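Undergrad: Quick one: structure below, then a few questions.
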């Protein structure tokens, strides 16, 4: 079919945009979402006959250098049925019209597309914008709850929380993501990013991934290092711009940026950066919410400890700071680049205070990874973890330069983490998503794990005689490893001392068990400013007989000054890392259909595990009772696998919990979130 045979093309914007939840963008252009069909009408010249067959081919392409390999160009032909897993098209004819239905791949890059009839030199059928699709189960931003989609994708206004925990104030904000021209500006932001400018073909291809797009937005909402939207200003001088507290909506900021040749708008502070990021995320189809953290730590040296130095006049003179509040965003998506279980809300901070891979951006960091202290996961989890978890240690610095530690607080950081509730103008406290209750057993475990993962633990030095315990990050059950007691003589005289270093099993409630490592009673002399180290080897053959299922060991180092008889003690509780259960859920997640939990675990011990059992259970998944699967004996370092069948009884968001137990290893658990359909 040639161009001259088509009289006109109707993109049927009103019907399509309604079906694709983009009608609020207007009806002037076709705006559709991934993995969902849309239909356009071709009006043919009178007397033209449309031959409906598979020799009619189409091209959909985006970006300046479309290519099939980069997934920025799709070639497909007419078929009898629409496919939900690839680009596809069907046609219906009547008289001189053809209704052409097209469906995009649910993982296609977002952006502006051209649809071309691939005949001869090609017949342009029109342009459309393709967005992420939270309504599509195959899309990585799929959000199961309609009420949450209404709030986090479609709602054009919201509430931002500020103030202090005892007096939380509310700032209403207009996000305006569907206002005229705003979607074009949001796409323009992507096109102005350094990634696009340096390699447009790769950047457009990567736009299929919401993790990538979120990371680009985190960098582009602030103006440091690129042609970003907003300049930050925390001073009292705003004469050459707008005071951050004056803004009440995102559109005026985005329009000013675009109209002014992409010159950064002056000025923003954290809630303004976050609100604009929320607007752009929702406009592109990524579910997003604005989150406020009270007592937010900015940890300048990345050691999870906020070291606050005061001089004698009580002025804070350290780089570390605690903000009364700090605002960032969370975006909803899967994380196929990470272990299972870290999908869902991802924290992303567009306020420029941290360089990540050389760029001023932060995130997306899985909120669950922050809660679990998994500091090695991407992206920027140590920074966000410290914002909500850093302990506070305060020092006083005297005029003569001496430094003394003061009493610190561990509950000052990360309080009342807040966001607007779904469908209601009320505050929802989501602190529990980011951290276990302060001082709880879980919080202590996570903090220990975070310290395992954090290579940056440094400590300030004080005058006097010191002993502290250092451990290595890799302390998995089954291995032999060293722990260290470090001594430092920060006095003016040589010290003669005796050191004792030992390890003892301990339960999570602090109850002590058997000794499982005992160092020699060491005598040594330390000159002024000299340090020394005592090593204690913890061997599985010894500690395996002492520890219980909590896998906790308390390390204690005692230092006695031989001359003054002063007594110094350092103590540290460590948790041995257990193995990880690898989970794959196989099958179609529908009510009444069998699913299979495909499970695997590697025995980390140098000896066999006997009586190994996997247990799975979940509400409305396992018929109200656990399903056990005995797997017998597994040899040292070998993998144990199991396939456990279960049948969902009700639709909805569900958790399947998986537990592994054996004679020598218990308390190994994980879980999977499932969405079960009717």
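Heads up, the Cβ atoms here are built off N, Cα and C, so glycines get one too.
Annotation source TrEMBL lists domain 'Transglutaminase-like' at 262-352. Here TrEMBL flags 270, 326, 349 as active site. As annotated by TrEMBL, Ca(2+) binding site applies to 389, 391, 438, 443.
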Undergrad: Roughly how many angstrom lie between the C-alpha atoms of residue 443 (Ca(2+) binding site) and residue 349 (active site)?
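TA: Cα to Cα, residue 443 (Ca(2+) binding site) and residue 349 (active site) are separated by 23 Å.
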Undergrad: Compare the Cα of residue 438 (Ca(2+) binding site) against each of the active-site residues 270, 326, 349 and report the nearest.
TA: 326
Undergrad: Which residues of the same chain, at least 6 positions away in sequence, have a Cβ lying under 8 Å from the Cβ of residue 349 (active site)?
TA: 218, 274, 328, 329, 362, 363, 380, 383, 384
Undergrad: Measuring Cα to Cα, how many angstrom lie between residue 389 (Ca(2+) binding site) and residue 270 (active site)?
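TA: Approximately 19 Å lies between the Cα of residue 389 (Ca(2+) binding site) and that of residue 270 (active site).
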Undergrad: For residue 326 (active site), just count the other CB atoms lying within 10 A of its CB, please.
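TA: Excluding its own Cβ, the number within 10 Å is 24.
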Undergrad: How far is it from residue 270 (active site) to residue 326 (active site), counting Cα to Cα, in Å?
TA: 6
Undergrad: The domain 'Transglutaminase-like' (262-352): mean pLDDT?
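TA: In the predicted model, the domain 'Transglutaminase-like' (262-352) has a mean pLDDT of 80.
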Undergrad: Most Cβ neighbours within 10 Å: which of the binding-site residues 389, 438, 443 is it?
TA: 389
Undergrad: What number of additional C-beta atoms lies within 10 angstroms of the C-beta atom of residue 270 (active site)?
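TA: Its Cβ has 25 other Cβ atoms within 10 Å.
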